[in-house]
Amino acid sequence: METFLFTSESVNEGHPDKLCDQVSDAILDACLEQDPESKVACETCTKTSMVMVFGEITTKATVDYEKIVRDTCRGIGFTSADVGLDADHCKVLVNIEQQSPDIAQGVHGHLTKKPEEIGAGDQGHMFGYATDETPELMPLTHVLATKLGAKLTEVRKNKTCPWLRPDGKTQVTVEYRNDNGAMIPLRVHTILISTQHDETVTNDQIAQDLKEHVIKPVVPAEYLDENTIFHLNPSGRFVIGGPHGDAGLTGRKIIIDTYGGWGAHGGGAFSGKDPTKVDRSGAYIVRQAAKSVVASGLARRCIVQVSYAIGVAEPLSVFVDTYKTGTIPGKDVLTLIKENFDFRPGMMSINLDLLRGGNFRYQKTAAYGHFGRDDPDFTWETVKVLNPQA
């Protein structure tokens, strides 16, 4: 039996790039909560003792950017310089301007356009992917890496492992078999966890706690065997972390945000962008389309691409591939997708309820993946049952 190895990584919410994603989306939440028509393109960067937010925002909302930055950093656990950043004493820089009027008139017609007429906020192409290898219809490598990162944060915040600090990375290698285009996970080959820790803990304690409190509750026992390799803090020391260890920037973890290297990616990041930015809304609707194809039993694996031109409402192209796993011809799958999903930006915002912010709606997406999450706010995970015409 021919097998292959595939690897996906994740980082948890204390990683500097992910801190930036969460700040950008916390600002988006604040804008949309007060003004659902807000136009937001918010970037964040961070380094030792400093967080800067910058970009273009046009909104009627009253937003205290500095408070949002400090609250978000504090919520992650950055409460002292020792752990990588002090939320209450770091410098916060803000350089926010309004959206270019050239873009505004081309996309929104200065808000005179009906929802179905609203053009894409930029050109670009986005991909959605789904696979039947997990209940989430997501790749197992990505699911495990992401859940290990989330569990690291959980046992840090609930004090199960009080030696943990906010920054951390995970990586999972799975051995697969290709079953005529469908992916069959056989076993977990390697688990890698690198987590920030305090000065007092020993490497033996780190390894013991990670196996017992992080890996054991997350990775199903049937995937582990005597040959599974564990690299637990292989560098030996990870005390300095967060923005003190590395600079961070919004939009630098786009593979972690999506499918862990499976499928494809058009290159556009998600966080800090309102739904007129098709980098985000387009990627959400093609995930819903691909997931619906697999959940409806039309294929075991599916990828969907959509593309846009700035200022144009209708997509330029829609593509689907079922990797030879389809139960009906590919052209029929494409027809069903076009009949059941409206790819115009204004309609995606309505159909997926994307103009609703606040209550951490978008901030939640900015750590532990945008897809495969069991949360009613992740409206794009709702399956539409697709019935082929007899």
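Placed from the backbone N, Cα and C atoms, the Cβ positions cover glycine too.
The Cβ of E9 (Mg(2+) binding site) lies under 8 Å from the Cβ of A145, K169, T170, Q171, V172, I255, I256, G260, each on the same chain and at least six residues away in sequence. According to Swiss-Prot, the Mg(2+) binding site annotation covers E9.
Neighbour density for K273 (ATP binding site): within 10 A of its CB lie 27 other CB atoms from the protein chains shown. Residues or ranges marked as ATP binding site by Swiss-Prot on the basis of similarity to another entry: H15, D167, G168, K169, S235, G236, R237, F238, D246, R252, K253, A269, K273, K277.
If you look up Swiss-Prot, you'll see E43 marked as K(+) binding site. Secondary structure at E43 (K(+) binding site), as computed by DSSP, is strand. The Cβ of E43 (K(+) binding site) has 22 neighbouring Cβ atoms from other residues within 10 Å, across all protein chains displayed.
Within the same chain, residues at least 6 positions away in sequence whose Cβ sits under 8 Å from that of K277 (L-methionine binding site) are A41, G121, D122, G268. Residues or ranges marked as L-methionine binding site in Swiss-Prot (evidence: similarity to another entry): E56, Q99, D246, K277.
Under the DSSP three-state reduction, K273 (ATP binding site) is assigned to strand. Of all the binding-site residues listed here (E43, E56, Q99), E43 has the Cα closest to the Cα of G168 (ATP binding site). S235 (ATP binding site) has E43 as its nearest neighbour among the binding-site residues E43, E56, Q99, going by CA to CA distance. Its own atom aside, the Cβ of S235 (ATP binding site) has 7 Cβ atoms within 10 angstroms in the protein chains shown. For D246 (ATP binding site), applying a Cβ distance below 8 Å and a minimum sequence separation of six or more within one chain yields P16.
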